[in-house]
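K.L.:
I have a structure here, written as C-alpha cells, and I will follow up with some questions on it.
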Amino acid sequence: MPPGFWVGGDRQAGWDDIGVVAEGFGLPPVDAPSADFYGLWLGAAGWELRAPAAAGFTPLRLDFSLGATATRLRQAGRKQPLARAVGLKPGHAPKVVDATAGLGRDGAVLAQLGCEVLMIERSAVMALLLRDGLLRTAPAPVAERVSVLQGDARHELAQLARDADVIYLDPMYPHRSKSALVKKEMRMVRDLVGDDPDAGDLLAAALASGMRRVAVKRPGGAPALPGPAPLGCVEGPNTRYDLYAPQADQPSS
Ligand SMILES: C[S@@+](CC[C@H](N)C(=O)[O-])C[C@H]1O[C@@H](n2cnc3c(N)ncnc32)[C@H](O)[C@@H]1O
C-alpha cells in the first residue's frame with residue numbers, strides 16, 4: 001500500500017460498507033478525502049480511487065456502461081485480435097484466466113464474446129474497484145461470466161489450469177513517455193501498483209501450469225517477455241499478442 005493510503009466515503013453512501021473495507025486494509029475509515037495521498041472513496045456511484053491532488057489524475061471509477069469501455073463492449077467481435085489470441089472461434093468460447101486483470105477491460109470484452117473469465121488481480125485496491133464496477137455497471141452477459149479473485153497469479157495458476165483453456169497476460173509495460181497511447185487511467189494504475197518487474201516469473205508460472213494456451217499482450221514493437229520465445233503471434237494495430245503452447249502443439253491464430 002502506498003504511504004498515507006486512506007479509505008473513506010460519504011456517510012450516506014454506506015458507512016458500514018466503508019468501515020468494512022477500511023478494516024480490510026487495516027485502517028480507520030475517514031469521512032473527508034485527503035488531497036495528499038492515494039485513497040479509496042465511496043460515493044453515490046461506487047468506489048473510486050483518488051490520487052494526490054499534485055498528481056493531477058481525476059478519480060478512477062470502473063464503469064462498464066459508459067464511454068470507451070462501453071463502446072469496446074458493444075463493438076466486440078470474434079475476429080478482433082484479442083479474441084483470436086485466446087483462440088475464440090465460431091462455436092468455441094474458451095474458458096479464460098485473465099491473470100493480470102487491472103481495469104478488467106480485456107477480460108470484459110472476452111466475457112461479452114461468450115468466454116467464462118476468471119480475473120486475477122494482485123492489488124487489493126484494483127480488485128475492489130473491479131468487483132464494485134462489475135457489480136454496479138457490467139452488462140448482463142459480462143456480469144454472468146466474470147469472477148474476480150484477489151491474489152498473486154504466480155501462486156494461483158497451477159491450481160486453475162485444470163478448469164480453463166487459456167491464460168491471458170497483460171503485465172504493465174514500463175513506458176517512460178506520457179504518450180497519448182498510454183491512457184491516463186493506466187498511468188494512474190501504474191503509479192499505484194508499479195511496473196510488474198516480475199512479469200517473466202508470471203509467464204514462467206503460466207507455462208508451468210500445463211494450460212494449453214498462453215497469450216501475452218505486448219505493445220507493438222516491444223520485446224517479448226523474458227523466457228522462451230513465443231511460438232506465434234496475433235498482430236493488432238498498436239498491440240501484439242504473443243502465443244505460447246506449453247504442451248507441444250502450436251497455437252493457431
Ligand atoms: C496493464 S494492467 C492490465 C490491464 C487489463 N488487461 C485491462 O484490460 O484493463 C496489469 C495489471 O496486472 C496486475 N498484475 C501484475 N502481475 C500480477 C500477478 N502476478 N498476479 C495478479 N495480478 C498481477 C497489476 O496489478 C495490474 O493491475
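Each Cβ is built from the backbone N, Cα and C atoms, and glycine gets one as well.
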K.L.:
Which of these, ASP36, ASP165, ASP170, ASP191, does TrEMBL say binds S-adenosyl-L-methionine at the same site as ARG105, ASP106, GLU121, ARG122?
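P.N.:
Matched candidate out of ASP36, ASP165, ASP170, ASP191, per TrEMBL for S-adenosyl-L-methionine with ARG105, ASP106, GLU121, ARG122: ASP170.
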K.L.:
In three-state terms from DSSP, label GLU121 (S-adenosyl-L-methionine binding site) for me.
P.N.:
strand
K.L.:
Under a three-state reading of DSSP, tell me whether ASP170 (S-adenosyl-L-methionine binding site) is helix, strand or coil.
P.N.:
coil
K.L.:
Within 10 angstroms of the C-beta of ASP170 (S-adenosyl-L-methionine binding site), what count of other C-beta atoms is obtained when all protein chains are considered?
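P.N.:
Step by step: centre on the Cβ of ASP170 (S-adenosyl-L-methionine binding site), count other Cβ atoms within 10 Å, giving 22.
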